[in-house]
Amino acid sequence: MGVENVEIRRKGQDLLFLSLFGLVMGVGIGILEVFFGKGLLLVSEWRAEYFLYLIGFLPFAGLVIELLYSRYGSRSRQGMSLMFDVNFGTQETIPLRLIPIIIVSTWMTHLFGGSAGREGVAIQIGGTLSHWLGSKVLGKRIKEYRLGQIILVTGMAAGFASLFQTPIAAIFFALEIFVVGRIDYKSMLPATIASFTAAMMSNKLGLEKFSYVIIDIPDLTLVTGLKLIGIGILFGLVGFLFSLSLKYGKKWAGGLIANRYKRIFIGGLLIAALMIVLHQGRYSGLGSNLITAAVQQETIYSYDFLLKLGLTVLTLAVGFQGGEVTPLFAIGSSLGAILAPLFGLPIPFAVAIGYVGVFSSATNTFIAPIIIGCEVFGYELLPYFFIALCLAYACNFDTSIYGKQKSLFVINTETK
């Protein structure tokens, strides 16, 4: 009985510590992500205004990025893969230097015209800071009771929530990203505290949230359901195409040009030329311009989603830095705008489905994309998201942009 009381007391202390830690991380990560996010918005504005003056420097920016990682990056080059390694216990630490290096590298990629995202960077910033501070506070105890994994997930949720200000989606994304088919409920409480705190902090500090209310929502009839099934399959296949292209694009680029400096410089030259020829910067940066154009029913070309997909893959494959999530939103949104008339669906409605459908397929996650759709476009769309994403998720054939993501089915099979 005495042993049980000691164990209960210890777990209670851990729970209290993790809750307070989540609060502190929510504040700290929220402030840091605002710095990153506002800086990114600023360099994006500069790029849009002075595109033709800046795009020619992309190859040289690539050399600087490669120099940063080669001289100072240590294991930071592994990026999201490092988060997975630490979660699975194959590596114990994340170098704190990852944060300044990835912030500067992402700013440079966006300033000089590369096509990349920001959310993967935000997650790495949050996870790195949280795990580093947790290691300092807990010492060797971080290896006990999965405390290290819980602290990592807490920081990642805060990082996601800070930029998108979708705290519930951020929680579930951090909980379900590592192992397909398993949600890490032990991390729920500190991740929830950190996520909501970070979202509120970034909002108070002036980082704006993207949201759009969908007014024209079709009745959920059998015909609408069939349309959602059809469009969901297409979004799933495009997400599958993205994750597959990114995987083999990196292998192809590395095999074609082994020297990293040459690879990123030549890749930068190619990207710069393509960005100039293809609508002078339309596909540079996050892709927010495509999302806005799609949802507001402005000009969207039938090939927008393919060019954004290809240029994002090329940018990341040759060594430039940034995330994949916002480009996935842009790809799905622009594809949704094109498919809407073909399926007889309202354009903003189809854009919302595409926004989360391609994201779900490419990241191999299900709950978080549904919730982010609700937090961005409204909870009235929940049943529509659910139906479409059942198909989009199924049509990714268990591929993901996260190469070290595991499957619960595979784990269970291996342990038998």
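Positions of Cβ are set from backbone N, Cα and C atoms, glycine also.
According to TrEMBL, the transmembrane segment annotation covers 15-38 (among others). Residues 99, 103, 106, 118, 121-122, 125-126, 129-130, 133-134, 137, 147, 150-151, 154-155, 158-159, 162-163, 189-202, 205-207 of the same chain sit 6 or more residues outside the transmembrane segment (15-38) yet have a Cβ under 8 Å from a Cβ within it.
Here TrEMBL flags 50-69 (among others) as transmembrane segment.
Same-chain neighbours of the transmembrane segment (150-175): 18, 21-22, 25-26, 29-30, 32-34, 36-37, 83, 86-87, 118-119, 122-131, 134, 138, 142, 183-188, 190-192, 194-199, 201-203, 207, 209-210, 363, 365, 367-369, 371-372, 375-376, counting only residues six or more beyond its ends whose CB sits under 8 Å from a CB of the stretch. As annotated by TrEMBL, transmembrane segment applies to 150-175 (among others).
Residues or ranges marked as transmembrane segment in TrEMBL: 187-207 (among others). Long-range contacts of the transmembrane segment (187-207) within its own chain (CB-CB distance under 8 A, at least 6 residues past either end) are made by residues 15, 18-19, 21-23, 25-27, 29-31, 33-34, 37-38, 126, 130, 149-151, 153-155, 157-163, 165-168, 170-171, 174-175.
Annotated transmembrane segment per TrEMBL: 228-249 (among others), in sequence order. When Cβ-Cβ distances below 8 Å are used as the criterion, the transmembrane segment (228-249) is approached by residues 305, 309-310, 312-314, 316-317, 324, 328, 331-332, 335-336, 339, 343, 345, 350, 353-354, 357-364, 384, 387-397, 399-401, 403 of the same chain, each at least six residues removed from its ends.
When Cβ-Cβ distances below 8 Å are used as the criterion, the transmembrane segment (261-279) is approached by residues 52, 55-56, 58-63, 65-66, 113-115, 253-254, 307, 311, 314-315, 317-320 of the same chain, each at least six residues removed from its ends. For 261-279 (among others), the entry in TrEMBL reads transmembrane segment.
The list of residues near the transmembrane segment (300-320) in space but at least 6 beyond its ends in sequence, with Cβ under 8 angstroms from a Cβ of it, reads 62, 65-66, 105, 109, 114-117, 238, 241-242, 245-246, 249-250, 252-253, 260, 263-264, 266-268, 270-271, 274-275, 278, 282-283, 287, 290, 293-294, 327, 330-332, 334-335, 337-338. According to TrEMBL, the feature transmembrane segment maps to 300-320 (among others).
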